[in-house]
Amino acid sequence: MKLVLAAVLGAASASKLRLGTERTAEIEGVSLETAYAAFLERHGVQRLGDTVSRSERMAAFARSHAKVTEHNRKSDRTWTAGLNRFSDQTHEEFGRVLGYRRMGTWWNSTTAASFIQTDSVQYAESLDWASQTQSGKYFIDQRACGSCWAVAATGALEMRAEIAHKKAPSMLSYKELVDCVENPQHCGGDGGCGGATGELAFQYISQHGLSASESYTGDREATERCKTGSRSAVIKANSFVKLPVNKLNPLMMAIQHGPVVVSVDGGPWGSYESGVFNGCRRDATVNHAVLLVGYGHDATVNMDYWLVRNSWGEWWGENGFIRVLRHSSDEGDAGYCGTDYDPKQGVGCDGGPTTLPVCGMCGILSDSVYPDGVNSF
């Protein structure tokens, strides 16, 4: 058994691209129990005090393995799937790391600035704000808290502050947003780890600013009482800009000046490992907030892509990033448009519309926002 485990775990030292195919061997030729034990050791997964039985865990692991194997056998695939820390989770557990629902086109706020469209703009051929900034390397693993909205908003604030002032700020406290952002209309969930939105985060930041992570701390997997005595703002935004819904050019224009918080259907992302992702349906259910940091073109698969920093840690995807297929239009079939039919996940705020249009792969054009007038203290 030790030899088998060594062979299974040995794939961990392989390159990122090779892992996509070698990981499928983790279960082939060995028992499910042995393969699952190797999986837990390799990915550093601990299930202390687990309320889910080991048999349920192994069944989820086996299903994930089968899906990864089936996908990676496709000769025309543009992205590679792999096993990771999500591979033995239940559907409900994975759902907790999404934590975002759209606010719809009816959002209104005194701190929201209007987006001004400019014609005949020249866009850079490719762009990567993460590699151009020190704060682009401030990775967060949200774990079981649905704080994606807070992590994405904090990342946009950090990187736009560095771009504006030519100096990387201290790592900011997304935890302050989780604890202190009020959500009386249940926009994006119940608030905190229960979900909220980038708009609510930026509204709070425009009013209170945001503290450094070292001064406002706490349990990152729980929503705690707002510690007003620990707040000491080091950065503030004058307002925020909400982009026109499902429009390509405004997003392309906005990203030229810094990262943008975008909303996506993160449900199919769990097994993503590398490549240009194109695995979402047109009728995407928007449920996850992430940080758009750039775009480019992959010559190997001849596809344009959006470069996105996720909030699941560097262990996931391409060292914490995902490249998502970028369409050249925002209309009809060419824009990969559809309808979000899930009002509970797709709208969030009480009294919102029952359906919403979505465009772009995984609905990436559907709801975008960024902070404006970022100032350091």
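Including glycine, each Cβ sits where the backbone N, Cα and C put it.
Per TrEMBL, domain 'Cathepsin propeptide inhibitor' is recorded for 36-94. Among the features that TrEMBL reports, domain 'Peptidase C1A papain C-terminal' is placed at 123-347.
The average pLDDT for the domain 'Peptidase C1A papain C-terminal' (123-347) in the predicted structure is 94. DSSP places the residues of the domain 'Cathepsin propeptide inhibitor' (36-94) in helix, strand and coil in these numbers: 31 helix, 3 strand, 25 coil.
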